[in-house]
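Enquirer: The domain 'Amidase' annotation in TrEMBL covers A:25-471. Summarising the annotation, TrEMBL assigns active site, charge relay system to A:Lys78, A:Ser158. Taken from TrEMBL, the feature active site, acyl-ester intermediate applies to A:Ser182.
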Amino acid sequence: MTALNQLTLTEAREGLAKREFTAVELTESYVSAMGEARTLNAYVVETAEKALAMAAKSDERIQSGEAGKLEGLPIGVKDMFCTEGVRTTAGSNILGEFVPPYESTVTSQLWRDGAVMLGKLNNDEFAMGSSNETSALGPVVSPWRREGDSAPLVPGGSSGGSAAAVAAYLCAGATGTDTGGSIRQPAAFTGTVGIKPTYGRCSRFGIIAYASSLDQAGPFARTVNDAAVLLRSMAGYDVKDSTSVNRAVPDYEDAVGASVKGKKIGIPREYRLEGLDPEIAGMWEEGAQWLRDAGAEVVDISLPHTKYALPAYYIVAPAEASSNLARYDGVRYGVRVPGRDVVEMYENTRAAGFGPEVRRRIMIGTYVLSAGYYDAYYVKAQKVRTLIKRDFDDVFALGVDAVLAPATPSPAFGIGEKSHADPVEMYLQDIFTVTVNLAGLPGISVPAGFSGKNLPLGLQLIGRPFEEETLFSLAQVIEDAAGRFPVEDLWWKA
Amino acid sequence: MSVDQATVRRVAHLARIAVQEEELEPLKGELNAILAFVEQLADLDVANVEPMTGVIPMELPMREDVVSDGHYPEKILANAPEAEGGFFTVPKVVE
């Protein structure tokens, strides 16, 4: 029999419903797997006791016929989500031992539906990074290795802990956040499914803010169906987030397996970068063929402003970050480093508390918002954002239902391989994902092939606003054709 | 556009981050690499383009102007590095 922690979330849900095992047994299997996987550094806090108590409550509700939609299913939470009574750091030293007195809306909806919390998952500091290497709590090691090579690889980032934990069977699903690709890139690196829904689909209340006009929460899972189940519970209107959208949440699971016959899929020519990895290009073509075989129509499209997306992002995101992170001043939470006066106390606290990437982005943001530069940088970037959104509006107006593109420009790289490079080299990781955040659209990453060294690669589907259902239908076609990409060598247990 | 050491020092102060003298030169290099990257936007004519203010067209919701939350100062102060008598405390600001 498959170990309980290796079941998909959907299979575990079925097993619980049929009383084949209890929620406590399922949770115990995860807690034990977590204990054997500390070398991956995916979890930064394990809440085993709380998990077992929640699971026992779930078993009672299952017994009494009051099971919620996620009853008894063990979930990991990215450390960007505030969790009441459980330390939340955002991967930064500046928050110290911060224990939120409140719960984020997204996680509260998971618990409302009966999910069990296993702990908090590592991420790049304030979600700024593409490898999980900027975390003050140390890098996460991917459960994947190149064939014949034991060099540790990154799981991607910023939601590196979430991606690694889902791939390594350390939770049945996990929450992530995506500001420029932080769900889709690590999902692609780890053979997992990750979706960034439309901006406003999930409440941002209680999620530690990085760039508020771009941040969105979404799930990581081992299958498309699992991701659909999780998103249904995470999504929804919240009076505490004025940018959340008051619109009914569909049952996304109904869309999984639905026909894609007649759907029009756009292949953007601007994403065919010069020197694109031939393995990635091959997988992309194969993906288009799978969709064609399923009855979709594949057409070439143009998104002419694509190349301006990353430069615009590296103005907008740091500008918003410099404002959002102004609150870390050593007064209300976290660690305080004294100074001669209050300004020196702020400066010393922030110098000690922020890591180098966060400091860089705060300083870039401060610069582009400073007097005399605001119009040249920030306003210009916001205008470019209008053009990028218009590119997508134009292709959707032509009847395109979704855009198919790679999720990343390469497979996972090694820990330390890019850390001494120019910061811009790491930024290029988000080249295929960042347009989606700038335009507020939904995007899903689904595993679709292997690199020559046997590392998973992901395809990305980008949809119209609030048409996540179309993405789930198309992603399922890819999952059916490509198969799943489970980690088979649990080397870390040795 | 690129920044010099004096600008790095000024921006660090505006951002309230203490920077040591020896950090200025490497920081200048890193910031200039990012600024050179975003400089690509200069190729684009955006004269007649409206800047984006909201990615999803919607009106901000209104609510009654009433107190709907609060009355738990001890929770608010629980994470403060220094608190006294129901207040956050900071080094003396006014002599």
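Placement of Cβ uses the backbone N, Cα and C atoms for every residue, glycine included.
Quick caveat, the model's predicted, so the values are computed rather than measured.
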Enquirer: Between A:Ser158 (active site, charge relay system) and the residue listed as 'active site, acyl-ester intermediate', how many Å separate their Cα atoms?
Expert: 5
Enquirer: Any idea what DSSP makes of A:Ser158 (active site, charge relay system), helix, strand or coil?
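Expert: It is coil.
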Enquirer: Which residues in the same chain, at least 6 apart in sequence, have a Cβ under 8 Å from the Cβ of A:Lys78 (active site, charge relay system)?
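Expert: In sequence order, the residues whose Cβ lies under 8 Å from that of A:Lys78 (active site, charge relay system) (at least 6 apart) are A:Lys120, A:Leu121, A:Asn123, A:Ser159, A:Gly161, A:Ser162, A:Ala174, A:Thr175, A:Gly176, A:Thr177.
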Enquirer: Could you give the mean pLDDT over the domain 'Amidase' (A:25-471), rounded to a whole number?
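Expert: Reported value for the domain 'Amidase' (A:25-471) is a mean pLDDT of 97.
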